[in-house]
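In what follows, a structure is listed as structure tokens, so that the remarks can point back to it.
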Amino acid sequence: MNSNSSNVMALTSTTSNKKETVCIFGTGDFGRALAYKMIQSGYSVVFGSRQTQISSLIPKGAEVLSHTEAAQKAPIIFIAIPRQHYNFLLPLAEVLHGKVLVDVSNNLKLNQYSQSNAEYLAQLIPGARVVKAFNTVSAWALQSGTLDASRQVFVCGDDKKAKQMVMDIVRALGLTPLDQGSLLAAQEIENYPLQLFPMWKFPIFLSLGLTVFFFFYSLIRDVIYPYVNEKKDFSFFIAISIANRICPILALILLALVYLPGVLAAIIQLYRGTKYSRFPDWLDKWMLCRKQLGLVALAFAFLHVLYTLVLPIRYYVRWRVNGGVISQVLNNRTDPLNNTYAWLSDSYVALGILGFFLFVLLGITSLPSVSNSVNWREFRFVQSKLGYLTLILCTAHTLVYGGNRFLYASSYRWYLPNAYMLSLIIPCIVLVVKFVLVFPCLDKPLTRIRQGWERNPRYSE
Amino acid sequence: MNSNSSNVMALTSTTSNKKETVCIFGTGDFGRALAYKMIQSGYSVVFGSRQTQISSLIPKGAEVLSHTEAAQKAPIIFIAIPRQHYNFLLPLAEVLHGKVLVDVSNNLKLNQYSQSNAEYLAQLIPGARVVKAFNTVSAWALQSGTLDASRQVFVCGDDKKAKQMVMDIVRALGLTPLDQGSLLAAQEIENYPLQLFPMWKFPIFLSLGLTVFFFFYSLIRDVIYPYVNEKKDFSFFIAISIANRICPILALILLALVYLPGVLAAIIQLYRGTKYSRFPDWLDKWMLCRKQLGLVALAFAFLHVLYTLVLPIRYYVRWRVNGGVISQVLNNRTDPLNNTYAWLSDSYVALGILGFFLFVLLGITSLPSVSNSVNWREFRFVQSKLGYLTLILCTAHTLVYGGNRFLYASSYRWYLPNAYMLSLIIPCIVLVVKFVLVFPCLDKPLTRIRQGWERNPRYSE
Amino acid sequence: MNSNSSNVMALTSTTSNKKETVCIFGTGDFGRALAYKMIQSGYSVVFGSRQTQISSLIPKGAEVLSHTEAAQKAPIIFIAIPRQHYNFLLPLAEVLHGKVLVDVSNNLKLNQYSQSNAEYLAQLIPGARVVKAFNTVSAWALQSGTLDASRQVFVCGDDKKAKQMVMDIVRALGLTPLDQGSLLAAQEIENYPLQLFPMWKFPIFLSLGLTVFFFFYSLIRDVIYPYVNEKKDFSFFIAISIANRICPILALILLALVYLPGVLAAIIQLYRGTKYSRFPDWLDKWMLCRKQLGLVALAFAFLHVLYTLVLPIRYYVRWRVNGGVISQVLNNRTDPLNNTYAWLSDSYVALGILGFFLFVLLGITSLPSVSNSVNWREFRFVQSKLGYLTLILCTAHTLVYGGNRFLYASSYRWYLPNAYMLSLIIPCIVLVVKFVLVFPCLDKPLTRIRQGWERNPRYSE
């Protein structure tokens with residue numbers, strides 16, 4: 001490195017050994033926490049406040065001045081006061097001219113105001129360069145250093161240089177800035193911390209709806225029917241037997257719903273002969289929440305496994321098994337080993353175990369840190385190939401469990417088929433269509449379409 | 001982009017196509033590994049060493065010169081030699097003037113020296129700009145590229161520009177720099193790699209203590225009592241039966257201890273009428289290790305589930321169940337289905353399953369990569385709402401398991417109540433107090449206090 | 001911050017409020033997705049295309065010009081066209097002189113060309129500064145924002161400044177650039193997205209081989225032998241019984257293979273008296289895939305747990321247990337509790353549970369996000385200390401399970417010992433050697449060697 005480059009470095013760095021100064025308007029929780037963290041990271045902090053007396057709560061080393069004085073000391077000012085009080089900045093417009101104003105505010109409700117706080121600020125002080133940032137970070141997390149909940153700081157603003165300055169500070173505090181573009185993104189950034197699992201809403205409501213349906217369906221078949229017909233009280237079935245009927249059904253249906261949109265998309269692409277037409281909106285949305293659908297399905301599968309494994313511990317199951325033994329003994333009869341039934345029972349259980357194992361594997365690879373460390377081909381291999389294998393195993397598990405039961409009239413109560421039969425409809429459709437799609441006569445054109453080929457090209461490039 | 005900005009870019013970048021040179025003092029393991037990684041990332045490396053002959057261990061492409069010559073070649077010098085040998089730098093003070101010295105050293109014990117190595121170095125060579133960095137990265141990880149253990153590089157130093165130069169190198173090596181402020185942080189950074197789960201110490205020692213207590217408690221009730229009173233040898237209970245008594249008790253107590261400090265904090269805030277007074281130190285510490293407490297509780301819950309599920313496989317359980325059947329048969333008696341008992345048994349198991357399921361969910365969301373990808377509101381929803389639901393379910397599970405047993409004298413042996421009764425004390429207290437706190441007459445003032453309201457404001461802002 | 005530093009900042013930033021312009025050659029999937037994301041992040045995008053008419057697919061706000069015009073507008077040009085068409089750039093050589101060309105291309109096969117696409121491009125347009133980047137990011141992920149699969153962007157190039165410019169763009173898009181050094185790394189970067197779990201190949205093929213061997217071994221002993229000798233058809237054993245024999249055997253062997261290379265390395269170091277000689281290549285490779293070996297072992301252990309827990313649900317097991325009860329009753333006999341057997345059965349199960357619990361703990365700490373948040377000492381404590389404890393528990397579990405069975409002739413069928421005995425060979429060797437190595441007479445010199453001491457130093461530093 002020659003001396004020339006050294007000089008350049010000296011120029012680009014900011015005031016070498018002097019600390020950079022930042023200004024914070026507002027001495028509330030967030031302002032103080034921010035100041036605390038910034039001082040720790042080597043910044044010099046000056047508060048702008050109406051009361052310039054130093055309270056014991058102000059972090060050590062920070063100065064407290066009037067708003068005007070404080071603003072003059074630093075090129076960047078954090079506006080850590082609620083939107084309702086932004087008006088008080090109006091008299092300071094001249095001092096704030098050219099300054100970078102960082103809007104860190106949050107609202108209490110989604111879309112509380114038609115205009116985002118940051119845009120409102122930019123409109124109030126047109127001479128300032130407004131940047132939205134830090135609203136997703138909590139005061140408590142800043143101060144205690146337990147930034148578990150989120151290290152990501154969304155940043156947006158119309159001035160590239162101002163944004164860069166803010167992002168440098170974000171990085172200096174050990175956080176990760178994410179540039180979200182112009183100030184238009186402020187509304188979305190302000191809504192972000194108010195969201196409650198938006199991607200999970202559809203999967204969870206869907207599964208709740210299905211749970212209610214299958215609960216009453218099973219209640220009628222397994223509790224009300226025997227009560228009406230045989231005056232037997234099996235109401236305790238609600239706790240485990242019915243729950244263990246609902247869980248596998250939902251796991252299977254939701255898993256099939258993860259793969260259904262992909263199959264639909266393939267059909268649409270084949271029909272249209274191009275991949276350049278947009279899918280219908282519902283299909284796009286469906287495809288984006290496949291991961292969530294799959295994880296909800298995994299949760300039901302996990303519950304199904306637990307409910308199944310406790311079977312031999314249940315008083316009712318023990319009573320029934322013991323009853324069988326006692327009746328054998330009293331009739332002086334010993335049932336021989338039924339080889340076919342042993343095969344059926346074992347293979348049905350084995351299919352379930354393998355299916356659940358792959359399902360857990362899928363779940364683990366969808367953890368953010370795991371999916372970040374595999375490449376795209378590996379991710380698709382796991383989520384597509386292993387995913388379909390899981391679906392096949394789970395469907396087979398249900399089919400073998402049913403065996404030839406759906407032929408017997410006894411499994412229809414009040415003309416209602418066994419609930420698990422209903423659960424097989426969607427998985428079987430998905431698997432059959434997928435099976436058809438892998439035939440070369442369909443797979444070849446589909447692959448070509450996905451590589452950009454068009455049956456009726458609209459314009460030649 | 002106009003030509004002007006292009007020129008600026010040319011200025012700011014360093015010597016365009018020429019590689020940047022860094023100097024490393026010391027050809028030990030770490031020095032060589034660092035050189036290897038830097039050469040790979042496009043730097044030119046020169047070693048300063050007493051022996052300037054090139055050994056086969058020096059990475060290809062690195063130069064080896066005398067200390068003085070090497071130091072002159074680069075603006076940044078990595079001091080990869082043990083603290084005991086720092087003295088040899090004294091004669092080089094002039095050459096090192098203005099250079100950035102990176103202290104990468106580690107100690108063998110916590111707080112081995114009263115002054116951190118980096119501060120000692122800065123005092124030895126006052127003209128140099130000392131930066132502490134890279135001490136948390138292992139030579140093996142650098143060389144093999146398997147940076148599993150940690151990508152984070154803590155950086156601290158008094159000179160902002162020097163720190164920036166080091167952080168740029170850290171980033172260029174594919175690692176993540178974390179600015180820890182001034183050189184005062186060096187002591188803490190040097191202690192960091194010597195720590196062994198500091199946050200886990202309290203939870204683990206607490207659970208060890210509780211484990212020992214409940215082990216002997218159960219031993220007396222379940223093994224010694226029947227031996228003394230009935231001359232029955234149940235010593236094999238130690239392996240599973242007693243373990244499966246300790247695990248759920250500890251899981252429940254530790255889970256309750258996760259939520260107890262929050263309840264205490266609320267009471268203190270209500271009593272004081274402000275949130276601006278510091279909590280007592282023990283409460284602060286307790287709140288910071290809640291996550292660890294919860295995970296230890298989850299570990300015990302997981303063991304409890306395994307111990308419970310193997311019940312029907314155990315020889316002793318089979319023997320007892322078979323004995324029951326045989327005695328029924330020999331007495332020519334068939335026990336009818338006890339509906340109440342079926343309800344109790346099933347709902348107790350179902351509550352346990354649901355509680356464990358939510359517990360696992362809590363554990364998954366506390367994985368760093370998962371908690372990083374949710375916003376603050378979502379994190380609190382899971383950890384607070386779902387957490388309390390888990391506590392309620394697990395407490396109910398234990399209550400239903402006990403049933404009305406605590407009324408019977410037979411469950412008191414030598415006046416000792418069943419161990420699970422002791423485990424219910426803390427969870428019930430937490431739940432009752434929490435239930436009281438959600439009443440509007442207490443919840444409203446608490447919410448206002450947490451938003452910054454003070455009953456006796458000390459100073460008006 | 002004084003006015004001087006402000007001026008410098010103004011200089012270094014690029015054209016303040018004007019957006020930076022980037023050029024993209026090629027309007028295919030990737031080019032469009034990249035443009036979409038860049039416009040979102042505040043860049044101004046201009047396409048270079050043969051057809052300058054704006055199609056509906058071009059993201060809003062992007063301009064489409066001829067290649068020459070587009071190239072003149074921006075200092076950075078993304079070449080989003082297949083390698084086969086790179087020739088068309090030749091006539092543009094003059095316009096491209098000095099420009100940063102970003103090669104984003106991928107191949108269809110590993111090492112498809114002897115020269116990487118980026119090097120080929122650099123050779124075609126010698127005046128341009130070629131940077132390889134973005135090839136690991138998929139168009140779909142860019143456009144939909146679901147960057148689950150990978151946020152890491154590998155960057156390499158011979159020109160440091162050009163690389164820096166590209167890395168700034170990577171960061172602005174919310175991705176993480178990883179500098180891989182000079183353009184020589186392009187081949188590896190181009191191969192990366194085509195790899196399919198390269199580190200997993202050896203563990204998976206090894207376990208497949210072992211699975212096949214133990215499957216046939218168990219088939220002969222457990223199905224064919226009884227069929228030949230006693231004409232009994234136990235073919236249904238394949239589904240669960242044999243699977244549950246293979247799984248624990250493989251889990252134990254693979255776990256032992258995780259710790260065998262460490263033991264071998266210690267022996268080699270002790271024998272050579274230095275740590276500075278390279279290990280044989282196979283040992284190096286083995287050591288690098290220990291994590292994968294361990295995770296495959298965990299998968300088998302997980303399956304073993306599931307297969308074991310379903311035992312009491314199996315029809316065959318119920319039939320056999322019931323048979324035992326019935327025969328007791330018919331013979332008017334009640335077996336007394338066998339205390340020794342109760343001890344053996346319970347402790348064998350308890351050891352298995354504890355071993356599996358620690359195994360799961362090891363698996364969790366090997367998740368990238370968890371291992372990133374612990375320091376090196378903690379990571380080694382878990383992976384080494386807890387790892388050996390797991391191995392000891394699992395080996396003890398298998399030994400106690402076997403009990404003194406290997407003394408009985410009945411456990412040898414056709415002179416074949418029980419399969420689990422074979423599985424004990426490697427773990428016992430590892431544990432015995434490790435036990436010998438912890439004796440001070442061997443541990444002391446080993447520790448000194450690992451700290452750099454050499455028995456026959458080749459050169460004195």
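Numbers run from 1 along the shown chain.
Placed from the backbone N, Cα and C atoms, the Cβ positions cover glycine too.
Worth saying up front: this structure is predicted, and the values here are computed from it rather than measured.
According to TrEMBL, the feature domain 'Pyrroline-5-carboxylate reductase catalytic N-terminal' maps to B:21-107.
Marked as transmembrane segment by TrEMBL: B:202-220 (among others).
The transmembrane segment feature in TrEMBL is assigned to B:249-271 (among others).
For B:249-394, the entry in TrEMBL reads domain 'Ferric oxidoreductase'.
Distant neighbours of the transmembrane segment (B:292-313): 199-200, 202-204, 206-207, 240, 243-244, 246-248, 250-255, 257-258, 352, 355-356, 359-360, 362-363, 366, 387, 394; these residues of the same chain sit at least 6 beyond its ends, with a Cβ under 8 Å from one of its Cβ atoms. According to TrEMBL, the feature transmembrane segment maps to B:292-313 (among others).
Residues or ranges marked as transmembrane segment by TrEMBL: B:348-367 (among others).
Annotated transmembrane segment per TrEMBL: B:388-408 (among others), in sequence order.
Here TrEMBL flags B:420-442 (among others) as transmembrane segment.
Using a Cβ-Cβ cut-off under 8 Å and counting only residues 6 or more beyond its ends in the same chain, the transmembrane segment (B:420-442) has close neighbours at 214, 217, 245, 248-250, 252-253, 255-257, 259-260, 263, 266-267, 270, 388, 391-392, 394-395, 398-399, 401-402, 406. As a summary of secondary structure, the domain 'Ferric oxidoreductase' (B:249-394) carries 122 helix, 0 strand, 24 coil according to DSSP. Below 8 angstroms of C-beta separation, residues 255, 291, 294-295, 297-298, 301, 305, 308, 374, 379, 382-383, 386-387, 389-390, 393-394, 396-397, 400-401 of the same chain, each at least six residues beyond the ends of the transmembrane segment (B:348-367), sit close to that stretch. Across the range of the domain 'Pyrroline-5-carboxylate reductase catalytic N-terminal' (B:21-107), the DSSP-based residue counts are 33 helix, 21 strand, 33 coil.
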